[in-house]
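Trainee: Okay, handing you the structure first.
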Amino acid sequence: LVWEQNPLEKGIFSVRKWDILLPMSTWRSQPKIQLRLAGNKRKHYEGRLEVFYNNEWGTICDDDFSILAAQVACRELGFLGAVSWSPSAKFGQGEGRIWLDNVHCTGREKSLAECPSNGFGVSDCRHSEDVGVICNQKRIPGHRFINTMNNNARGGPTPISSHLKRIPVTEGYVEIKERGKWRQICDEEWTPLNNRVVCGMYGFPGEKNYNNKVYKSLSMRKKKNYWGFSVNCTGNEAHLSSCRLGKPLELKRNGTCGRGLPVVVSCVPGRAFAPSSSTGFRKAYRPEQPLVRLRGGSNIGEGRVEVLKNGVWGTVCDDNWNLRAATIVCRELGFGSAKEALTGAKLGQGMGPVHMNEVECSGFEKSLTDCYFNNDALGCSHEEDAAVRCNIPAMGFQKRIRLSGGRNPYEGRVEVLTEKNGSLVWGTVCSENWGMVEAMVVCRQLGLGFASYAFQETWYWAGDASADNVVMSGVRCSGTEMSLPQCLHHGKHISCPKGGGRFAAGVSCSDSAPDLVLNAQLVEHTTYLEDRPMYALQCALEENCLSSTAKKNDHSSYRRLLRFSSQIHNVGRSDFRPKLGYHAWTWHECHRHYHSMEVFTHYDLLSLNGTKVAEGHKASFCLEDTQCDEGIQKRYVCANFGEQGITVGCWDTYRHDIDCQWIDITDVKPGDYIFQVVINPNYDVAESDYSNNIMKCKCRYDGYRIWMYHCHTGELQKKNCVEVLPGQFKSH
């Protein structure tokens, strides 16, 4: 077998895993195929696995391939079975079509064509992922041996190694490194609780069964080198090294233990890391309607813990908060065990109620809400909000991207590793339409926290001259991706009008960021209608705060205004500052003030089907600390042309009687509507969480009065319904 050592080594323990995952689809009929072994092979029973279909030879992608598929292929080739299989074009890269992808066999099929897959020719792989097999040298009696000829595949560069794969390794032998040597663990005294700990430390929520027959046959051929002890875990340990050492094992002279089998562990991937819908995870947990979520974390698998109760999200008080409770949260969300249980709002303060206090878990609950807790959170403030950092699978995303030319490791020109003409090359990213959300994905992929700036010109950062060529363009992200290639981007046909070089994309990262949240209840309680004469709205007209039907010289008419107050809190971990410096602010003579951000808030009145019927906007002409939590000093007061911003733990209140704090609904007919407010709508300033920047209310207008009800902070996904441009594709 070709083994991959997991890079997350801790202490003397590590795990080597072998990839077995889930099928994508099945064929309804069995096409006629032929197989052969090709490539840079030395023996007739090994090589790159190729398929002859539709009068054309092609290769097989290593995604989802397993020893079971290798067994089927080797038997179809005339051998007794398979010894191992190899990912990442170990026998060289093939040519032509990649006929099969996501092949998943049970091992009982007579032909590879019977195994479930995406279907012939349906693949998102490259030849750097061509699969190879090593078959048992013995042939099936009476079987005619065919299709083992070498097709003279070209010798290529070093193939993309397995750390560039899009899916994690989930199954394999457990081995311990002792005095520099890897040793297997005897399965005598090994329990499912030990499996649970191993899976958790490598970022998986749970364990599952595996095909023991395959490993029995493999272990008979493998030289025995057992560790001399058993392991005794309770199932709640965060790492195998925290488990108790069991009794010494008496090894036989030939190096075998009692039953002579090494420990194998198979894990269930969480939904964020599974190649398809993960049945095992879905059965064990409740991912369809999650009751728990993480907010404010810079990386996947970390954040402030929030719980849904009676339709309202609230936080968890950190009294008695520990690794056991944190692990329940991590596993419920599809990650492994918890690395850290954080207290004192280390990942930012939440808003709204504190739903849980003094949480106590056994460690085996399916949800945090199944643990014992105190409903009475009196005395708990958001300064005590609990948070977690979870173990996640090692995907190797950081090795595919780098920042070049910056003054420090947190900034620079973005360079990505990609395959071009059969070689791995570093190149730049086109900066056209490059923005803060795309920069956020880069910083997350690098493990550098949040983006503080997104640059469309990087002429002042001299990167590696060999990486000047643009290798990725048309990048558009939703903000939830784990790596930049997962965002929408152009395929093979790169299109970048300005080119790379000085116009390459760049980022600056930070370990903290602000987070603005609107107080929805205040909007609901302060809404009213006002009929105001046009002569009193001339400044608002100049600043485009009225609808297009308002006329400048019509001083005798009235406009009907939907008015309200808003209170915008900064619950992040750094101050919210305008994108532009003081020197670039715009002076508005009519109101005698500076605008530090031309558009700070959008106000929209929508029909029930989402059509906009009225709109307004708010410029941040006085972005300041109106009030702060106890013990926090105001830092920003915009009076006398002072600095503008919102301090962590403070909020800026826009009263209903301030100009432009409204929507002009003069032309709106009576009926039911949706009122929507979006803060920082253009993503001009980085925030740790954009999903809470939108607020929606149900609204009823009868022509004389207006009612606002069911106001709540919603989930905002940038570009989640974006139109795919020609030549673009959604990568994985």
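One-based numbering along the chain as shown.
Using N, Cα and C of the backbone, Cβ positions are placed for all residues, glycine too.
TrEMBL annotations: computationally assigned, not manually curated.
Reproduced below are the annotations present in TrEMBL:
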| type | residues | note |
| --- | --- | --- |
| DISULFID | Cys61-Cys125 | disulfide bond |
| DISULFID | Cys74-Cys135 | disulfide bond |
| DISULFID | Cys105-Cys115 | disulfide bond |
| DISULFID | Cys233-Cys243 | disulfide bond |
| DISULFID | Cys361-Cys371 | disulfide bond |
| DISULFID | Cys477-Cys487 | disulfide bond |
| DOMAIN | 35-136 | domain 'SRCR' |
| DOMAIN | 146-268 | domain 'SRCR' |
| DOMAIN | 292-391 | domain 'SRCR' |
| DOMAIN | 401-510 | domain 'SRCR' |
Trainee: Other than its own, how many Cβ atoms are within 10 Å of the Cβ belonging to Cys361 (disulfide bond)?
Mentor: 22
Trainee: Far apart in sequence but close in space: which same-chain residues, 6 or more away, have a Cβ under 8 Å from Cys61 (disulfide bond)?
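Mentor: Set apart from Cys61 (disulfide bond) by at least 6 residues yet with Cβ under 8 Å, we have Ile98, Leu100, Asp101, Asn102, Val103, Ser123, Cys125, Glu129, Asp130, Val131.
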Trainee: What does the structure give for the C-alpha distance between Cys477 (disulfide bond) and Cys115 (disulfide bond)? Integer Å is fine.
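Mentor: Cys115 (disulfide bond) has its Cα 35 Å from the Cα of Cys477 (disulfide bond).
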Trainee: Counting each residue once, how many in the domain 'SRCR' (292-391) are helix, strand and coil under DSSP?
Mentor: 16 helix, 38 strand, 46 coil
Trainee: Out of Cys135, Cys233, Cys243, Cys361, Cys371, which of these disulfide-bonded residues is nearest Cys115 (disulfide bond) by C-alpha distance?
Mentor: Cys135
Trainee: Going by a 10 angstroms cut-off between Cβ atoms, which of the disulfide-bonded residues Cys115, Cys135, Cys371 has the sparsest surroundings?
Mentor: Cys371
Trainee: Counting Cβ neighbours within 10 Å across all chains shown, tell me which of the disulfide-bonded residues Cys74, Cys243, Cys477, Cys487 comes out on top.
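Mentor: For the disulfide-bonded residues Cys74, Cys243, Cys477, Cys487, the Cβ with the most other Cβ atoms within 10 Å is Cys74.
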Trainee: Look at each of the disulfide-bonded residues, Cys105, Cys125, and point out the one with the fewest other Cβ atoms around it within 10 Å.
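Mentor: Comparing Cβ neighbour counts within 10 Å for the disulfide-bonded residues Cys105, Cys125 gives Cys125.
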Trainee: Could you state the CA-to-CA distance between Cys361 (disulfide bond) and Cys233 (disulfide bond) to the nearest Å?
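Mentor: The separation of the Cα atoms works out to 17 Å.
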Trainee: List the Cα distance (Å, whole number) between Cys135 (disulfide bond) and Cys233 (disulfide bond).
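Mentor: So the alpha carbons of Cys135 (disulfide bond) and Cys233 (disulfide bond) sit roughly 37 Å from each other.
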Trainee: In Å, rounded, how far does the Cα of Cys371 (disulfide bond) sit from the Cα of Cys233 (disulfide bond)?
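Mentor: Pair distance, Cα basis, whole Å: 21 Å.
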